[in-house]
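Input: a single structure, listed below in structure tokens.
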């Protein structure tokens, strides 16, 4: 029973493995021009479905309360979409002299360019008891920013790798990403009550469509006899990804807990997860558009496919530790400042409620 429960919980991770294995066994099904016609079903229909689904599920009406925390939002967005990709680029200058597969290294750069995810950072922030409103806002706002900034970053850092003209990229992005997202938000306004009542499985729908995109991406790889991926490079990339995540989580923790930072412990929790997590759901479709027709697309996608489960695994493992730190820090602040000093602080009010049994 435990095995079945575990499989239900991790069905998407299992699905990724099965999709790649299926592509290895029968690549002819998902190649361009094959029976699945991915040049139409994936490049347009699947991508548009994911972003329509995102627009439908995005609770933008809940984000207004988080708008006032401007410093917090600036920190997260600048770290995610500026500091992260720039640091990875500098790091890759050192790694370029190593024997690691160059396309996997380019894939690492694409990870740095990705926006934050809409789900995992929010779920982990909530699990710890951090600033959930800030996590929701920055995940949603970062996703909107990523629609424009991520392709620009990809072209800035990897422009020579793309065979698609700049105008083609943005016209396709507009039609398959922006338009479905806006339509999803408009439709949501009219069926919001029904959505709140029925709670459709938005995450499962997007993940299922994403598996199809992953399958067809790897079909192109395995049907190309010129592509060879050595296990040494793959293992090194795995170690590097975990190292990057741990280093950036520690860095955001140090910066956000300085005496003059102005961030509460609950803010720090949101910062740690939102600043270091990257979106697979938005990332893979974007790579499919920006690197359309590129023979090494699947190799470029591999680091992002590794980064996604790694961030969830690391985050889940660290939840008890971060939660313990946050609670102890909140108690310390309450003792230092006194109960009345925290009446205007939601975090303090929560602590007072616990203390006095409300």
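Glycine residues also receive a Cβ, built from the backbone N, Cα and C atoms like all the rest.
Note that TrEMBL annotation is computational and uncurated.
Copied from TrEMBL, the annotated features are:
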| type | residues | note |
| --- | --- | --- |
| TRANSMEM | 40-58 | transmembrane segment |
| TRANSMEM | 70-91 | transmembrane segment |
| TRANSMEM | 103-124 | transmembrane segment |
| TRANSMEM | 136-157 | transmembrane segment |
| TRANSMEM | 169-190 | transmembrane segment |
| TRANSMEM | 202-223 | transmembrane segment |
| TRANSMEM | 235-256 | transmembrane segment |
| TRANSMEM | 268-291 | transmembrane segment |
| TRANSMEM | 297-322 | transmembrane segment |
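Taking residue pairs at least 6 apart in sequence, the transmembrane segment (103-124) and the transmembrane segment (70-91) share three or more C-beta contacts under 8 angstroms. Only pairs six or more apart in sequence are counted, and the transmembrane segment (202-223) with the transmembrane segment (136-157) gives fewer than three Cβ pairs under 8 Å, not enough to call it a contact. At the 8 Å Cβ cutoff, the transmembrane segment (297-322) and the transmembrane segment (169-190) share fewer than 3 close pairs (sequence separation 6 or more) and do not count as touching. Between the transmembrane segment (40-58) and the transmembrane segment (235-256) there are fewer than 3 Cβ pairs closer than 8 Å, counting only pairs 6 or more residues apart in sequence, which means the two stretches are not in contact.
Same-chain residues lying 6 or more positions outside the transmembrane segment (235-256) and placing a CB less than 8 Å from one of its CB atoms are 75, 79, 84, 88, 91, 95, 98, 100, 104, 107-108, 111, 263, 267-268, 271-272, 275-276, 302-303, 306-307, 310-311, 314, 318.
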